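According to TrEMBL, the protein carries these features:
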- B:6-27: transmembrane segment (TRANSMEM)
- B:78-100: transmembrane segment (TRANSMEM)
- B:121-139: transmembrane segment (TRANSMEM)
- B:159-177: transmembrane segment (TRANSMEM)
- B:189-209: transmembrane segment (TRANSMEM)
- B:247-269: transmembrane segment (TRANSMEM)
- B:281-306: transmembrane segment (TRANSMEM)
- B:340-373: transmembrane segment (TRANSMEM)
- B:393-412: transmembrane segment (TRANSMEM)
- B:418-440: transmembrane segment (TRANSMEM)
- B:452-472: transmembrane segment (TRANSMEM)
- B:492-510: transmembrane segment (TRANSMEM)
Amino acid sequence: MDKQDDRATAEPGDVRAGTHTAAPLSPPPPRSVTHGEVYLTVQRSAAFQEVRRRYRHFVVPATAVFLAWYLAYVLGATLVPGLMAHRVAGALNVAMLAGLGQFASTFLLTWAYARHARLRRDAVALDIRWRTQDLTGGNIR
Amino acid sequence: MTGDHRTLALILFSAFIAVTLAITTWAGRRRHGSPEEFYAGGRLFSPLENGFAIAGDYMSAASFLGVSGLIALFGHDGLLYCVGFLVAWLVVLFLVAELVRNCGRFTLADVVAARMRERPVRIASGAASVTVSVLYLVAQMVGAGSLVALLLDGAGTQARTGMVVAVGALMVVYVAFGGMRATTWIQIVKAVLLLGGAAALTALVVLRFHGDLNALLNTAAEHSGHGGEFLAPGLKYGHTWTTRLDFISLGLALVLGTAGLPHILARFYTVPTARAARRSAVWAIVLIGGFYLMTILLGFGAAAVLGSDAVRASGKAGNTAVPLLALHLGGGAGSTGGTVLFAVVAAVAFATILAVVAGITLASSASVAHDLYASLRRPRGTGRGTRHGEVTVARLAAVGVGAVSIGLALLARDLNVAFLVGLAFAVAASANLPALLYALFWRRFTTRGAVWSVYGGLLPAITLVVLSPVVSGTPESLFPGRDFACFPLDNPGIVSIPLGFLMGWLGTVLSPEAADRARHAETEVRSLTGAGAA
């Protein structure tokens, strides 16, 4: 069922993705290639490099940001409790606001990641998956 | 507690047990016997179902009772648990969920071992997974014992022992007869019950303050006996540099541990594709985030409505804050409303424990059968053995893991539940996460690196706990009469997590062999595209 979903989203495709997926995973390997060579070829292909680049360009900075923001919260609570106790509005102080801010940023990053993956990665990745499985004879280990 | 509480709570307990056993029977009758069915429920759950099951697997009694209790007692310092437990899901979503679904079949070791010489890596990773699972199981079962002590009001050792054994026996039945399919549905039912119960209580708390959250916080600060300090950091962890370091250590363990928990990773194998794994993680984050926001309100609500002293008088660790709050919100002891709400909260906590232990038992039986047994039994390089034989071993392993956990839980009866959970997270973050991340992202990672990283995180974590004040040296220790404590922190994460990463790097650099380029290419292509995924 889900596979049909995936195919359906793969067809309209992403314009930028389309330019890459149009390029075959060249050169077409001879019939006798081994399993490992197929994966090495796919790994070198422009389409795969693009998927990996897009994944890393989102995930690396996003991970750095949320880890730094979380560590700032934990370290702030331990190293500068005076600042964190500063009242901002009503009963809310900096520490409580930062804690609630962690919830907000988590929800926001979750949404951004899911959107990025759906629009920028899924179609190209799925295309590579089918091509790779054709090359390896669709074998599932 | 009056007899009414007890009767009603016991009726609700029995009803939940009846429902779960019916699910187990139904799941057991469906086609079974294949590893896909037993470990992964046939991989045909929808993202929504799996999202609920993940939430049901993750929201333990320690969070429902323990964290809200900590907030009721220590205000802001209890909040760290909620924040850490939730932010950890970004690590899972970004770095682990889809890639693990694409690369692995049933366990965490599948992913790490795919690029390596399989046997040593699988044994190391399997052993670490079983260790984490048993620690986490013991924590949940000790929690079950405390729950029954609360419910039966100072019930003797016998009743607590009986409860621990009963929970252990039930989880073995669910797993051995129902496999992943029964476990998943039990977790879904539990997640709905827990979220519903928490939402109802939260609504009652908010209504009591006429929707004015500012008034709720101010009243909580007033009734806590600490005034404004209650809402600021430092009440629990701010006294000395040792406790501050402990706070940082716990913070690290919480945020990095989730992505190394075997029972959480196993949940991603129950959906058909990586895309479905991502969508189930998104659902899980929404549900878990909502739940922890409610937990925060319940904790401050307990402080505001009951006062911290009343919470502390009922149980030093604060585990009874939410049940007491329910009793009070329903109209107080002796009233019908109070009796019903109290019984419902107790039953929800009980359901929570059962669902979580079932998930962990299943994951650890998979590690025993799929990783340890399969590697230790067959000599290097021969075939996989019969697939059905492996499932039989897994069913037996569930019984064995259950028996070991019951024994340990009876020994560790008096240990603090939240500490045990924090420890399981620290071990998961030290032993499992470094190897997993290196295997997925580091081109040069080798077999020696993988083995060193697992043992290099696992052994320091365990050793530091044994040498910590938790085990000896203080009146609250496991062995209060002895003193061989020389590591000052309760949580080993701040030392053992960097050690796990460091040893993985060192083992790789000192490897006699280079990493296999083709197999790295395979892991990378598979992890990001899903080619050849099971």
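Backbone N, Cα and C atoms are what each Cβ position is placed from, and that goes for glycine too.
Please treat TrEMBL annotations as automatic predictions, because they have not gone through curation.
It should be emphasised that the depicted structure is a prediction, and the values quoted were computed from it without experimental measurement.
The transmembrane segment (B:189-209) is in contact with the transmembrane segment (B:281-306), judged by 3+ CB-CB distances under 8 Å for residue pairs 6 or more apart in sequence.
Contacts between the transmembrane segment (B:121-139) and the transmembrane segment (B:281-306): absent, as fewer than 3 C-beta pairs lie under 8 angstroms at sequence separation of six or more.
A Cβ distance under 8 Å defines the sequence-distant neighbours of the transmembrane segment (B:281-306), meaning residues of its chain 6+ beyond its ends; these are 47-48, 50-52, 54-55, 58-59, 63-64, 67-73, 75, 78-79, 82-83, 85-86, 89, 92-93, 97, 191, 194-195, 198-199, 201-202, 205-206, 208-209, 213, 216-217, 219-224, 230, 268, 321-322, 324-325, 328-329. The stretch from B:159-177, B:247-269, B:340-373, B:418-440 that makes the most Cβ contacts under 8 Å with the transmembrane segment (B:78-100) is B:247-269. A Cβ distance under 8 Å defines the sequence-distant neighbours of the transmembrane segment (B:6-27), meaning residues of its chain 6+ beyond its ends; these are 151-152, 170, 173-174, 177-179, 181-182, 185-186, 189, 193, 339-340, 342-344, 346-347, 350-351, 354.
The stretch in B:159-177, B:340-373, B:418-440 that contributes the largest number of Cβ pairs under 8 Å to the transmembrane segment (B:247-269) is B:418-440.
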